[in-house]
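*Asks:* Have a look at this one.
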């Protein structure tokens with residue numbers, strides 16, 4: 001996808017002395033006392049801000065935090081803790097500016113944090129009045145927030161329509177490149193792992209991927225519904241019997257293309273859903289009426305691992321079992337290790353997937369780890385994200 005990149009503007013000296021407005025994703029979790037409990041997103045925003053400062057720009061940064069009521073800023077909605085953390089990471093003062101829509105004082109070489117953008121009236125609905133006011137604040141607009149790229153809001157879309165220059169920051173550029181590499185021009189075979197508790201939440205993804213991928217590996221509650229579609233008994237496992245026909249349609253669509261949905265041949269079951277429930281490996285044809293399927297079995301895990309090691313590209317969204325329980329983590333662990341050992345380009349995303357990657361320490365062995373939950377899922381659904389669309393439009397005339 002052709003877009004203007006902020007790194008190129010900086011390299012060409014076009015940001016010197018310019019007012020740069022960066023939309024970052026600084027929406028971090030906090031405890032009841034307002035202390036930041038996990039700062040990955042803040043750390044991830046630093047390279048773009050530093051790039052702008054090093055280029056001699058006057059830098060404004062904003063983000064949303066939570067879901068505030070438009071027009072009202074409460075202490076809980078304030079970016080004050082984020083400003084403090086940013087100043088530590090950047091090694092310079094980062095003043096926090098409230099009521100900033102009508103004007104911001106900032107000099108080249110300085111950075112200010114503009115208070116929670118979702119407090120501004122018109123942000124969520126992307127009103128032209130707000131977008132035009134924000135565009136007047138800057139010479140260059142930079143979107144570096146992939147996590148909100150699927151939302152057409154004032155700071156993610158509207159401002160990009162009216163700003164003199166609209167471009168992508170390093171984080172957003174990396175996401176665009178990785179997604180293109182995995183889905184637009186993938187090295188074959190292309191394997192996708194789509195797992196989770198419900199087919200209903202991922203049905204669009206399953207359908208979209210079924211005409212692109214060579215192997216569509218399903219896991220978790222989704223796999224149980226596919227096992228029902230294949231005529232297997234799943235006992236009292238979590239599934240959606242009303243979506244069996246949809247699962248069958250995905251299986252048939254894949255088969256018609258010479259591709260496959262590998263159905264588990266063995267599973268790990270228990271009688272209750274608990275960490276200390278005795279785990280039993282069974283053939284997929286031997287599941288009893290009172291069994292709960294909580295993981296794929298070793299035979300299935302080995303087969304899938306072999307497929308992943310032979311893949312050219314891997315897309316991973318979701319653990320294949322209840323990996324939080326040691327007795328039912330082996331399937332997800334085997335998948336994670338196979339991805340780590342595979343020469344394939346891999347892209348992974350989604351909260352549980354990131355937790356599994358961290359648990360098995362394979363961060364450095366995954367080609368690209370996507371930070372955007374909902375945005376990543378919409379890409380897998382085959383949608384063009386609003387933030388990508390407007391930057392592409394601006395870059396092409």
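One-based numbering along the chain as shown.
Each residue, glycine too, has its Cβ placed from N, Cα and C.
Not measured: the values here are computed from a predicted model.
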*Asks:* Please identify which of 175, 324, 389 is recorded by Swiss-Prot as part of the ATP site containing 202, 350, 351, 352, 353.
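*Replies:* Record check against Swiss-Prot: ATP site with 202, 350, 351, 352, 353, extra candidate from 175, 324, 389 is 324.
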*Asks:* Which one, 5, 85, 118, is listed by Swiss-Prot in the same substrate site as 25, 26, 27, 41, 64, 65, 66, 67, 151?
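*Replies:* My reading of Swiss-Prot gives 118 as the candidate in that site.
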*Asks:* Determine the minimum-neighbour residue: among 64, 118, listed as binding-site residues, which Cβ has the fewest other Cβ atoms within 10 angstroms?
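*Replies:* Looking at the binding-site residues 64, 118, the Cβ with the fewest others within 10 Å is that of 118.
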*Asks:* Rounded to a whole number, what is the top Cα to Cα distance in Å among the residues the record ties to substrate, namely 25, 26, 27, 41, 64, 65, 66, 67, 118, 151?
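*Replies:* Of all Cα pairs among the recorded substrate binders, the widest measures 18 Å.
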*Asks:* By CA distance, which of the binding-site residues (25, 64, 66, 118) lies nearest to residue 350 (ATP binding site)?
*Replies:* 25
*Asks:* What are the non-local neighbours of residue 202 (ATP binding site), defined as same-chain residues 6+ apart in sequence with CB under 8 A from its CB?
*Replies:* 194, 196, 222, 317, 318, 377
*Asks:* Return the count of C-beta atoms lying within 10 angstroms of the C-beta of residue 352 (ATP binding site), excluding that atom itself.
*Replies:* 17
